[in-house]
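For reference, the structure discussed in these notes is given below.
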Amino acid sequence: MASYPDGQSYPGAAGQVPGPHPGGYYPGPPHGGGQYGSGFPPGGYGAPAPGGPYGYPSAGGTPSGTPGGPYGGGPPGGPYGGGPPGGPYGQAHPSPYGTQPPGPYGQGGVPPNVDPEAYSWFQSVDADHSGYISLKELKQALVNSNWSSFNDETCLMMINMFDKTKTGRIDVVGFSALWKFLQQWKNLFQQYDRDHSGSISSTELQQALSQMGYNLSPQFTQLLVSRYCTRSAIPAMQLDCFIKVCTQLQVLTEAFREKDTAVQGNIRLSFEDFVTMTASRML
């Protein structure tokens with residue numbers, strides 16, 4: 001029997017993790033294998049959202065970040081509009097792409113439902129001017145605070161989440177949604193990086209997961225950090241692994257919640273059901 005004590009390990013109203021725009025970018029099996037589920041409850045990081053059983057966040061409004069809002073302005077100096085590369089969080093590689101290329105985007109301006117700043121970066125990251133962002137292009141565009149590239153697992157996970165065409169690539173609309181997703185995770189990462197080191201320690205991760213509504217032991221949190229941390233004297237987690245871990249926890253929580261039809265915080269599964277549930281959700 002799998003169980004969450006009193007249902008308290010469900011992400012609660014203390015905060016919602018970033019997810020795709022309602023309507024979703026993973027309605028079916030993603031490119032690369034597996035099923036990424038039905039999506040996460042949309043939400044931001046302000047006041048607590050009304051919760052369902054166990055404080056699980058119910059679907060609400062989309063996070064802030066519409067065109068003309070915090071993303072607006074001219075071409076960004078970094079992938080999150082935070083000035084030129086050199087800051088600690090998720091900055092792009094020093095301009096391997098140069099100026100915005102002409103190509104298949106036309107001259108009609110920013111497409112509908114696409115953030116202007118995300119559109120500028122889409123044009124820069126789309127190195128082959130194909131009109132799509134590949135796994136390789138996405139990986140080349142994103143780095144951690146220690147200037148390491150985002151790992152393949154996280155990049156593939158994000159491609160799978162926002163690939164509407166199921167071809168292993170992201171179009172401009174999907175990239176705009178991914179842009180917002182990354183912006184939210186970067187903000188959350190900065191919030192919990194309390195010592196401003198550019199990485200998340202096991203203590204900081206424990207605090208982050210607790211405020212997201214998870215009731216997980218320090219031993220489990222230390223296991224996550226040791227599994228996904230950088231090789232250093234003091235184990236710590238970079239932005240890419242933070243995104244991967246928190247997103248996967250949310251996916252598995254949703255899988256558990258679907259089986260917990262009695263809303264009791266525990267379920268009984270056969271071994272094959274457990275393996276199937278896990279394998280179908282893991283990327």
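Using the three backbone atoms N, Cα and C, a Cβ is placed for every residue, glycine included.
Since we're looking at a predicted model, the values are computed, not measured.
Taken verbatim from Swiss-Prot:
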type: REGION; residues: 1-44; note: region 'Disordered'
type: REGION; residues: 21-108; note: region '9 X 9 AA approximate tandem repeat of [AP]-P-G-G-P-Y-G-G-P-P'
type: REPEAT; residues: 21-29; note: repeat '1'
type: REPEAT; residues: 49-58; note: repeat '4'
type: REGION; residues: 56-114; note: region 'Disordered'
type: BINDING; residues: D126, D128, S130, Y132, E137; note: Ca(2+) 1 binding site
type: REGION; residues: 203-283; note: region 'Required for interaction with PDCD6'
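Features per Swiss-Prot, on structure.
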| residue | record | DSSP (3 states) |
| --- | --- | --- |
| D126 | Ca(2+) 1 binding site | coil |
| Y132 | Ca(2+) 1 binding site | coil |
| E137 | Ca(2+) 1 binding site | helix |
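Neighbour counts of Cβ atoms within 10 Å were compared across the binding-site residues D128, E137; the minimum falls on D128.
Each residue of the region 'Required for interaction with PDCD6' (203-283) gets a DSSP state, and the totals for helix, strand and coil are 53 helix, 3 strand, 25 coil. Each of the binding-site residues D126, S130 was scored by the other Cβ atoms within 10 Å of its Cβ; the lowest score goes to S130. One way to see the shell of the Ca(2+) 1 site is to take the Cβ centroid of D126, D128, S130, Y132, E137; the remaining same-chain residues with a Cβ within 8 Å of it are V125, A127, H129, G131, I133, S134, R169. Of all the Cβ atoms in the protein chains shown, 20 others lie within 10 Å of the Cβ of Y132 (Ca(2+) 1 binding site).
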